[in-house]
Amino acid sequence: MVQISEVKDQVPGSSAGARTAAHTHIKGLGLDEFGAAKQVEGGFVGQVEAREACGVIVDLIKAKRMSGRAILLAGGPSTGKTALALAITQELGPKVPFCPLVGSELFSVEVKKTETLMENFRRAIGLRIKEVKEVYEGEVTELTPEEAENPLGGYGKTISHVIVGLKSAKGTKTLRLDPTIYESIQREKVSVGDVIYIESNSGAVKRVGRSDAYATEFDLEAEEYVPLPKGEVHKKKEIIQDVTLHDLDVANARPQGGQDVISMMGQLMKPKKTEITEKLRHEVNKVVAKYIDQGVAELVPGVLFIDEVNMLDIEIFTFLNRALELEIAPVVVLASNRGMTTVRGTEDVVSAHGIPPDLIDRLLIVRTLPYTQDEIRVIIEKRSKVENLQLEQAALDLLAAMGSDMSLRYALQLLTPAGILAATAGRTEILLSDIEEAKMLFLDAKRSTKILESNSNYL
């Protein structure tokens, strides 16, 4: 067969690594083995006390001694609250559920606010199900469907059984399978040379990939080549599946319909978002508790992160008080950039961070401090490296001063426009003049407010 390979055009800036988000540079909390934060580490600069406090929280979550508690990240805008929450998730790893949302997301026309919050609570609680299954695993050496006369008569024939030969590192086996499994084999598009495994109880067939013995073949379709399975063909295999409690709620709230036309048409229509009843959740919790007692499953409390918590109203705060006391609850991380302000849904209740006093009493509060000019300079320098931009020293000093006087976000947002201005002028390095030109083109919040105040009839 003729080898055909596709050569993609290399367009500068088009690679996946070139796409940068606001917190691309955050890699973790930047703590040493003793839990002490370094001044510059993991994408963070400064915020030593806040990072060390978050490190203690991560240790408590890993030890499963933190569920049902809440943390508040309190500080001004551009002090790294969202970055801290993101770093907590990266320290916990991908197996721990993390559910981020903003306070305004809880308001819906179809579903009441407390129901939406409860859904997100359940999304942040994981269940790791361990199951030992008997499987046949190996490379397919033979695949022969055997036919028989149709018992109903006529000229057609039916498949009576399927002969499948499997080979592993320690031997071979020939299996005689039920004809219903042949449909699964066809669905998975299994052919001789593929590595598959068949569950002996359910008869489920899974194609793992193509055997690496066929790696020298060339095909138009890209194949995933896998090594020959070790051990015997027939073996016991531990299968671990990670689901959330919300997945179990939805699976039981929306059972699959029948195969008739009316059921199929009902599934095609856009389903209206419905509430999951408390009774159903209670039944799911009982089944989960039974699995945990049997040692089949393990509960993994995750993290629910609510940003702009001051946007919640008094009803949600009241519900949150009760939800934190549930037997199965995640770690709740709240973030607020407000000081003394009125609690939403009330007329005269003024409280710190826009949160009622009774809920504040339950919170562990982590404070984030404003960055100094030297810290802002280091942040801008690191961010410019992430965006592949070169800054001269004078331009870096001006951006650091602007970040201190105006805001860190504004200084960081000027990096890309200044880079484009420098590239237009035929330079790879951003000069002081590029920053000044970008500053003239794009206003910051303070200058925009001054213009509006001096021209009161403008709008």
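Note that Cβ sites are derived from N, Cα and C of the backbone, with glycine treated the same way.
Per Swiss-Prot, the features are:
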| type | residues | note |
| --- | --- | --- |
| BINDING | GLY75, GLY76, PRO77, SER78, THR79, GLY80, LYS81, THR82 | ATP binding site |
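Features recorded in Swiss-Prot, as mapped to the structure shown.
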residue	record	Cβ within 10 Å
GLY75	ATP binding site	20
GLY76	ATP binding site	14
PRO77	ATP binding site	10
SER78	ATP binding site	19
THR79	ATP binding site	21
GLY80	ATP binding site	25
LYS81	ATP binding site	26
THR82	ATP binding site	16
How would DSSP class THR79 (ATP binding site) in three states? coil
Note the Cβ centroid of GLY75, GLY76, PRO77, SER78, THR79, GLY80, LYS81, THR82, the recorded ATP site, then list each other residue of that chain whose Cβ lies within 8 Å of it, in sequence. ASN337, THR368
